[in-house]
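Asks: This is the structure, below, for whatever I ask next.
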Amino acid sequence: MRRGERRGPAGPLGDGPALGLRRSTESEVYDDGTNTFFWRAHTLTVLFILTCALGYVTLLEETPQDTAYNTKRGIVASILVFLCFGVTQAKDGPFSRPHPAYWRFWLCVSVVYELFLIFILFQTVQDGRQFMKYIDPHLGVPLPERDYGGNCLIYDPGNESDPFHNIWDKLDGFVPAHFFGWYLKTLMIRDWWMCMIISVMFEFLEYSLEHQLPNFSECWWDHWIMDVILCNGLGIYCGMKTLSWLSLKTYKWQGLWNIPTYKGKMKRIVFQFTPYSWVKFEWKPASSLRRWLAVCGIIFVFLLAELNTFYLKFVLWMPPEHYLVLLRLVFFVNVGGVAMREIYDFMDDPKFHKKLGQQAWLVAAITATEFLIVVKYDPYTLTLSLPFYITQCWILGIILVLTWTAWRFFIRDITLRYKEIRRQKQEHKYEKDKCLSNGDGH
């Protein structure tokens with residue numbers, strides 16, 4: 001039986017002891033409890049292989065007389081040794097599929113990435129940008145000016161050969177990226193309303209900040225039709241359908257070698273990449289002030305992480321198509337799901353989960369550090385004042401949110417409490433008058 005699982009009448013149940021507290025939102029799991037070679041940590045095996053590799057480099061390989069190459073290789077080797085330690089020794093998170101070591105690996109990558117960000121934060125602006133040349137010699141140069149926005153006509157009568165050329169120009173690689181991105185984000189958040197709010201809010205942020213970053217300047221139909229309705233909306237819809245299937249699925253697991261047929265074995269291998277159990281997230285932001293503030297905080301951090309993607313490219317001089325940008329997105333896809341589960345557990349069962357999970361803590365620290373790098377490297381761009389009408393819209397929105405918060409969690413509660421006290425007093429007075437009238441009758 002693996003760590004983080006609890007044995008029930010039919011085998012291990014769920015991913016932790018909190019199952020009994022969330023019986024209505026977590027699926028039942030049936031497992032024969034088979035603990036095979038695949039599930040072991042293999043600490044001694046990894047240590048032996050690591051020692052042999054280091055011994056080979058030390059005793060048999062001649063060290064090159066290239067200081068820059070040796071420095072890079074030494075840093076990479078140090079990171080690999082840390083990853084080997086973390087994958088075998090770090091604490092398991094809430095997920096166990098496809099393998100706990102997979103999620104331990106991404107936890108350790110989070111630590112490495114945060115340390116890298118801290119290093120960049122403590123450099124001068126020029127040194128930090130030039131340091132990127134050690135990762136890729138093509139980096140460290142200012143980005144070329146690009147034309148964004150432009151002609152926003154859906155049908156351009158001036159172009160007789162292709163009047164819909166503006167639409168075709170927008171159908172690039174970012175369209176499937178938006179779709180799959182929001183499909184995966186929906187699997188992380190597991191709530192239609194939160195996904196739609198984040199999607200729409202980010203488009204408003206692009207409108208508000210296009211005077212700072214030119215690539216935020218898009219046509220209205222690109223914002224609301226291409227992004228919100230088609231790409232994001234379709235990704236959220238498919239994500240919700242997948243969530244519905246996962247919540248209805250029966251989680252019944254059997255050891256690979258206990259399955260008699262080859263077809264059954266292949267099916268079991270494929271399903272190894274599906275969740276071990278499933279928890280339906282019920283955020284309930286209006287149920288209490290604590291949950292409302294927590295959900296608002298989650299949305300804020302989510303939007304900040306999205307903005308960091310664009311601002312980091314801008315201040316560190318990375319072109320949008322660079323592989324480091326893609327690697328960062330892959331990183332957040334893998335750590336985001338774990339972080340959201342840890343946050344939900346922390347909110348939903350604070351008596352058992354007394355502290356925020358390790359992956360959620362690291363994701364919050366990474367998001368904050370990325371933003372601090374943006375602030376340090378280009379404060380001028382960040383301090384460009386918003387247009388007056390944009391400022392008015394945001395002030396109005398903030399006032400509406402604060403007003404609703406005050407009404408829902410303070411004024412409404414006070415009013416309901418006053419009505420309840422008044423009702424109790426009236427009932428008490430009625431009972432008292434009834435007793436007096438009965439006494440007069442006798």
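Keep in mind that glycine also has a Cβ here, set from the backbone N, Cα and C atoms.
A quick note: this is a predicted structure, and the numbers were derived from the prediction, not measured.
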Asks: Tell me whether Val29 and Asp345 fall on the same side of the membrane, as recorded in Swiss-Prot.
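Replies: Taking the topological domain names from Swiss-Prot at face value, Val29 sits across the membrane from Asp345.
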Asks: According to Swiss-Prot, which listed range is transmembrane segment: 41-61, 167-187?
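Replies: Swiss-Prot lists transmembrane segment for residues 41-61.
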Asks: Sort the residues of the topological domain 'Cytoplasmic' (376-381) into helix, strand and coil with DSSP and give the three counts.
Replies: 5 helix, 0 strand, 1 coil
Asks: Please indicate, using numbers and ranges, the residues of the same chain that are 6 or more beyond the topological domain 'Lumenal' (62-74) and have a C-beta under 8 Å from a C-beta there.
Replies: 134
Asks: Cα-Cα separation of Asn159 (N-linked glycosylation site) and Asn215 (N-linked glycosylation site), in Å?
Replies: 24
Asks: In the same chain, which residue numbers or ranges, 6 or more beyond the ends of the topological domain 'Lumenal' (335-354), come under 8 angstroms Cβ to Cβ?
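Replies: Tertiary neighbours of the topological domain 'Lumenal' (335-354) are 16-18, 21-22, 93-95, 103, 106-107, 109-110, 184-185, 187-190, 279, 281-283, 290-291, 294, 298, 360, 362-364.
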Asks: With DSSP assignments reduced to helix, strand and coil, which class does Asn215 (N-linked glycosylation site) get?
Replies: helix
Asks: Within the topological domain 'Cytoplasmic' (96-104), what mean pLDDT does the predicted structure show?
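Replies: The answer is 90, the mean pLDDT of the model over that range.
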